[in-house]
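**Q** Okay, here's the structure, questions in a sec.
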Amino acid sequence: MYAQPVTNTKEVKWQKVLYERQPFPDNYVDRRFLEELRKNIHARKYQYWAVVFESSVVIQQLCSVCVFVVIWWYMDEGLLAPHWLLGTGLASSLIGYVLFDLIDGGEGRKKSGQTRWADLKSALVFITFTYGFSPVLKTLTESVSTDTIYAMSVFMLLGHLIFFDYGANAAIVSSTLSLNMAIFASVCLASRLPRSLHAFIMVTFAIQIFALWPMLQKKLKACTPRSYVGVTLLFAFSAVGGLLSISAVGAVLFALLLMSISCLCPFYLIRLQLFKENIHGPWDEAEIKEDLSRFLS
């Protein structure tokens, strides 16, 4: 009994189909099997200095938290007069408001329909409301131990940093939650200050540094990048200097943290990008890019 001749597989063109019998073994892999494979077709090529520039948003927010804590410590120790902080804060807010309006060119005001008089009324209402409730804020947490207040403040400030909008499109980002956590931390810390006036000024300062300051920074970053870099450096040096007056070890550790985020992390991101292999091919899930809203009405 003679064996039947085996068909020469070199003369038969291999096809990537499952519904047709082909004269190839089950473990046969053709050279054209992965011809449609594509790697990193949607990968973004990062530049080092561009990543360093974007990391400044994180630096700004860390410095904001540091400055807030330093100012609170100075007021708690009686080294900073509340009237001086209030006057400086109001003057800085006025300068920032004018600067924001000059950079924006009035475009945001035209879109929202908000006038300067309306902005002034909103500011007066907030100041009056906060001042009226400052005795309540001062006595709000009297029944809570100081250690618990400090722990809650640390937790809330960490949550503020985690949920802050750094420009990433992620589900964890929540500007409202981030701001509320920062204000809650400021209320907790303000309740441990000597007088109601201190609590009022501390909460007002928290609104300025956690709500108004990031808005100005985003506008500077979008319109005047060079000025934004200069302001970021000045703000970082101010935060480190303020912390240095309290704790030299803390200032060194904070400076190392800022350097790591602004220099080392972008460097490692660029290096790790060399090892990225994201494959694409006909096996990918189909993406419907057509607008189907007309079928839902």
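Note: Cβ is positioned from N, Cα and C throughout, glycine not excepted.
If you look up Swiss-Prot, you'll see 51-71, 80-100, 117-137, 153-173, 174-194, 196-216, 227-244, 250-270 marked as transmembrane segment, on the strength of sequence analysis.
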**Q** Taking pairs 6 or more apart in sequence, does the count of Cβ pairs under 8 Å between the transmembrane segment (250-270) and the transmembrane segment (196-216) hit 3 or more?
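**A** Not in contact, no.
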**Q** Among 51-71, 80-100, 153-173, 196-216, point out the range having the most Cβ pairs under 8 angstroms from the transmembrane segment (227-244).
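**A** Comparing 51-71, 80-100, 153-173, 196-216: 51-71 has the most Cβ pairs near the transmembrane segment (227-244).
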**Q** Taking the transmembrane segment (80-100) as the reference, which of 51-71, 117-137, 196-216 gives the largest number of Cβ pairs under 8 angstroms?
**A** 196-216
